[in-house]
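Visitor: This is the structure I have questions about; it appears just below.
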Amino acid sequence: MFKLAFTLTLCLAGSLSLAQHNPHWWGNRNTIVHLFEWKWLDIAQECENFLGPQGFAGVQVSPVNENIISAGRPWWERYQPISYKLTTRSGNEEEFGDMVRRCNDVGVRIYVDVLLNHMSGDFDGVAVGTAGTEAEPRKKSFPGVPYTAQDFHPTCEITDWNDRFQVQQCELVGLKDLNQSSDWVRSKLIEFLDHLIELGVAGFRVDAAKHMASEDLEFIYSSLSNLNIAHGFPHNSRPFIFQEVIDHGHETVSRDEYKDLGAVTEFRFSEEIGNAFRGNNALKWLQSWGTGWGFLPSGQALTFVDNHDNQRDAGAVLSYKSPKPYKMATAFHLAYPYGISRVMSSFAFDDHDTPPPQDAQERIISPEFDEDGACVNGWICEHRWRQIYAMVGFKNAVRDTEITGWWDNGDSQISFCRGNKGFLALNNNLYDLSQDLNTCLPAGTYCDVISGSLIDGSCTGKSVTVNEQGYGYIHIGSDDFDGVLALHVDAKV
């Protein structure tokens with residue numbers, strides 16, 4: 001009897017973890033955008049006016065729970081919780097719930113960045129949060145939850161990143177480290193996440209997951225409610241989980257400890273795609289992209305060119321500040337069938353601590369748009385760059401097809417097909433790409449969605465004529481604005 005019960009428990013845990021890899025997208029949609037630090041009302045409008053019509057699958061939103069108020073309002077104050085009240089600079093609970101409903105109604109799922117590892121760091125005296133809650137972080141006193149010192153791990157500093165105890169039980173950059181093995185802490189975290197599920201979210205990005213024991217996270221995830229069917233989720237749907245685990249391949253705490261619980265952020269993807277499109281690796285090597293590079297299996301990998309953290313660091317990672325290679329890397333990211341794709345939508349920053357665009361009263365301001373739909377008032381909005389949102393459409397058009405017809409020049413000019421539905425060419429050399437290439441597409445004329453759009457049957461950019469054999473003449477000059485060309489069956493003239 002015990003053996004049977006144990007077996008059933010294992011089977012249930014396994015089925016739940018598999019379900020937590022499902023992002024619950026509508027139809028053929030398959031790209032998430034991180035609208036970093038946007039207000040809830042603005043996200044609702046963006047879902048209705050842009051993301052839904054352009055075929056985006058979901059939005060990762062900034063942390064929703066009350067946070068400490070820091071001088072100058074740096075972005076990272078959102079990662080210093082003070083309670084689980086849903087009031088931040090992005091809005092209150094009513095506005096959040098309205099946003100989730102409106103986005104779900106147009107087929108755009110919401111994934112919340114959640115902080116389960118810690119509360120805020122030290123603060124002199126009494127700290128006040130964005131909902132007016134008081135706390136004394138130095139004493140580990142957070143009455144808004146409530147948490148007291150007994151709910152935290154003993155105070156210690158991470159000095160050795162190869163020491164599992166330090167990584168998972170000491171304080172990450174001074175943030176008060178919760179004890180997730182405590183029944184009380186578990187109950188409060190589950191209560192918080194379940195409330196968000198009731199409001200209609202599709203899942204969670206789990207911040208600092210590697211700093212929590214995988215067995216504690218497994219307990220928390222498996223205890224969560226199913227998704228809310230009132231928001232269009234099928235019965236018994238589990239929340240999509242993707243976990244921040246920074247693993248460069250030599251970490252004591254490995255990404256592999258978390259990959260069966262949900263998807264894992266594949267940071268090596270970000271680093272290597274940056275290396276390639278900065279010219280440090282020939283693009284020809286990308287033919288084996290994905291698991292051939294030692295990355296996680298596709299369905300377990302959350303992939304990105306940059307995120308809100310590493311875009312602020314020095315190194316190979318690309319960001320909006322290098323627009324041509326960034327757009328090329330993003331085009332490859334969205335065209336190559338590997339991973340669960342997320343694109344970044346940033347605000348301009350000059351240093352690591354730059355706050356989001358704000359007014360004189362330190363209130364976040366709404367993005368404004370020019371006549372072409374681009375953001376103009378401190379918001380970068382990469383997701384509104386034509387070269388990026390067009391590739392979201394490309395990814396939708398070629399869903400469930402494989403790579404065929406790979407071509408390269410032995411260096412950094414490459415092209416490939418996605419079945420007979422799409423074609424991508426890239427030129428990262430200092431000389432032109434001018435070649436008859438197999439597009440694998442049916443005969444006809446196609447609009448290059450990178451340089452223009454198909455409007456009323458006419459292409460506003462380049463077009464390529466494909467012959468009966470599937471070949472077309474492809475030209476990408478070394479000094480072209482974008483360095484990439486993309487064709488697909490939904491952009492046939």
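For all residues, glycine too, the Cβ spot is worked out from N, Cα and C.
When I checked Swiss-Prot for this same protein, it listed these features:
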- ASP207: active site, nucleophile (ACT_SITE)
- ASN117, GLN168, ASP177, HIS211: Ca(2+) binding site (BINDING)
- ARG205, ASN307, ARG342: chloride binding site (BINDING)
- CYS47-CYS103: disulfide bond (DISULFID)
- CYS156-CYS170: disulfide bond (DISULFID)
- CYS375-CYS381: disulfide bond (DISULFID)
- CYS417-CYS440: disulfide bond (DISULFID)
- CYS447-CYS459: disulfide bond (DISULFID)
- ASP309: site 'Transition state stabilizer' (SITE)
Visitor: Just how many other Cβ atoms lie inside 10 Å of the Cβ on HIS211 (Ca(2+) binding site)?
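Guide: Around the Cβ of HIS211 (Ca(2+) binding site), 25 other Cβ atoms lie within 10 Å.
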Visitor: Spatially speaking, which of the recorded positions ASP177, ASP207, HIS211 is closest to CYS381 (disulfide bond)? Use C-alpha to C-alpha, please.
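Guide: Nearest by Cα distance to CYS381 (disulfide bond): ASP207.
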Visitor: Which one is it, among the recorded positions ASN117, CYS156, GLN168, ASP177, ASP309, that lies nearest to ARG342 (chloride binding site) by Cα separation?
Guide: ASP309
Visitor: Most Cβ neighbours within 10 Å: which of the binding-site residues ASN117, GLN168 is it?
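Guide: Of the binding-site residues ASN117, GLN168, the most buried by Cβ count within 10 Å is ASN117.
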Visitor: Other than ASN117, GLN168, ASP177, HIS211, which residues of the chain come within 8 Å of the Ca(2+) site, judged by Cβ distance to the Cβ centroid of those residues?
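Guide: Same chain, not in ASN117, GLN168, ASP177, HIS211, Cβ within 8 Å: HIS118, HIS153, VAL167, GLN169, CYS170, GLU171, LEU172, LEU178, GLN180, ALA208, MET212.
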Visitor: Expressed to the nearest Å, what is the distance separating CYS103 (disulfide bond) and ASN117 (Ca(2+) binding site) at their Cα atoms?
Guide: 28
Visitor: In whole Å, how far does the CA atom of CYS47 (disulfide bond) lie from that of ASN117 (Ca(2+) binding site)?
Guide: 30
Visitor: To the nearest whole angstrom, what is the C-alpha distance linking ASN307 (chloride binding site) and CYS447 (disulfide bond)?
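Guide: Given the Cα positions, ASN307 (chloride binding site) is 31 Å from CYS447 (disulfide bond).
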Visitor: Measuring CB to CB from CYS440 (disulfide bond), give everything in the same chain under 8 Å that is also at least six residues away in sequence.
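Guide: Sequence-distant Cβ neighbours: THR404, GLY405, CYS417, ARG418, GLY419, ASN420, PHE423, GLY470.
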Visitor: Which residue among the recorded positions ASP177, ASP309 has the fewest other Cβ atoms within 10 Å of its Cβ, if you could check?
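Guide: Minimum Cβ neighbour count within 10 Å, taken over the recorded positions ASP177, ASP309, occurs at ASP309.
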Visitor: In angstrom units, rounded to an integer, how far apart are the Cα atoms of CYS459 (disulfide bond) and CYS375 (disulfide bond)?
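Guide: That comes out at 24 Å between the alpha carbons.
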Visitor: I want the residues beyond ARG205, ASN307, ARG342 whose C-beta is within 8 angstroms of the mean position of the chloride site's C-beta atoms, in chain order.
Guide: ILE32, HIS34, GLN60, ASP113, PHE242, GLU244, THR265, LEU302, PHE304, HIS308, MET344
Visitor: Name the one residue among ASP177, ARG205, ASP207 whose Cα is closest in three-dimensional space to that of CYS375 (disulfide bond); these are the recorded positions.
Guide: ARG205
Visitor: Minimum Cβ neighbour count within 10 Å among the disulfide-bonded residues CYS103, CYS156, CYS375, CYS381, CYS417: which residue?
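Guide: Selected from the disulfide-bonded residues CYS103, CYS156, CYS375, CYS381, CYS417 on minimum Cβ neighbours within 10 Å: CYS156.
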